[in-house]
Amino acid sequence: MSKKIAKKIVVGNWKMNPLSLKEAEKLFINIAKSVSNFKKTGIIVCLPFLYLEKLKSTSQRTKKISLGAQDVFWEDAGAYTGEISGDMLYDIGAKYVIVGHSERREMGESNNDVNKKVKAAIRAGLVPVLCVGESMRDKNHEYLNFIKTQVIECLNGVSKNFISKVIIAYEPIWAIGKGAYPATPEEFREMNIFIRKILSDKFGVKIVEDIKIIYGGSVDEKNTEGFIKAGYADGFLVGRASLNPKKFSEIIKICEASDK
Ligand code: 13P
């Protein structure tokens, strides 16, 4: 597992929440307050595009939280109505961007599209948080082939120089959202080892030691420790719990305690 860089990463994905800029500011400030004593964990909040500009100055003031977006277009500029480029995101204060989230893949995004987005993010100086995850598990372990294809196709053409900048989020679709159950730490551990092996075959063992592989899907303050201790998670991609400053900061507190 990734021993070289102990520091954990916690990425909050606000999805399409909250519904007004005022509420977004309030939520962000409350999160910033509740994480103000933490020193070691990388804290990132991925906001709806519209809130990035306003919250840039708040995040600079508080210093603890980096901003991210939830998607990016693969072209750098031009006639692409409704799209937002990596350079635009970087300019407005984003440092990270989620790519290939299952909720976007469900709307038709292919591995090829995600691959172009990963490369566009890297070109713009953003850190891509690449999401992979199967919709169901089968007895023949076909889901492993599915994940392998996702990892290989989404990282196609990414050079060795940049691969350690990519964060991989294993987020099984069956574990996401209200009413779903998280994966077990053991299920995550299996996938963590498997993804790391795919990456080392492609990019070499040395580089891959630095890559963060994080878990997402019904993460909360109660299951965080298990994923770190038994799953060797390098961090988390958090949905619902990232909208609750208390729960989100508890998750980070547990990460801090594990990075001795
Ligand atoms: P939940 O944590 O709400 O299950 O969402 C997970 C997710 O999709 C984060 O990207």
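Every residue, even glycine, has its Cβ placed from backbone N, Cα and C.
Of all the Cβ atoms in the protein chains shown, 21 others lie within 10 Å of the Cβ of TRP14 (substrate binding site). The annotation substrate binding site is assigned in TrEMBL to ASN13, TRP14, LYS15, GLY177, SER218.
If you take the C-beta of HIS101 (active site, electrophile) and look for same-chain residues 6 or more apart in sequence within under 8 angstroms, you find ASN13, GLN70, ASP71, CYS131, GLU171. Residues annotated as active site, electrophile in TrEMBL: HIS101.
In this structure, GLU171 (active site, proton acceptor) belongs to neither helix nor strand by DSSP; it is coil. Residues or ranges marked as active site, proton acceptor by TrEMBL: GLU171.
According to DSSP, GLY177 (substrate binding site) sits in a coil region rather than a helix or strand. Under DSSP, TRP14 (substrate binding site) is assigned to coil, being neither helix nor strand in the three-state scheme. Checking the binding-site residues TRP14, LYS15, SER218 against ligand 1, the ones with a C-beta less than 6 Å from an atom of that molecule are SER218.
Contacts of SER218 (substrate binding site) defined by a Cβ separation under 8 A and a same-chain sequence distance of 6+ are given as ALA175, ILE176, GLY177, ALA180, TYR181, PRO182, GLY239, ARG240, in order along the sequence.
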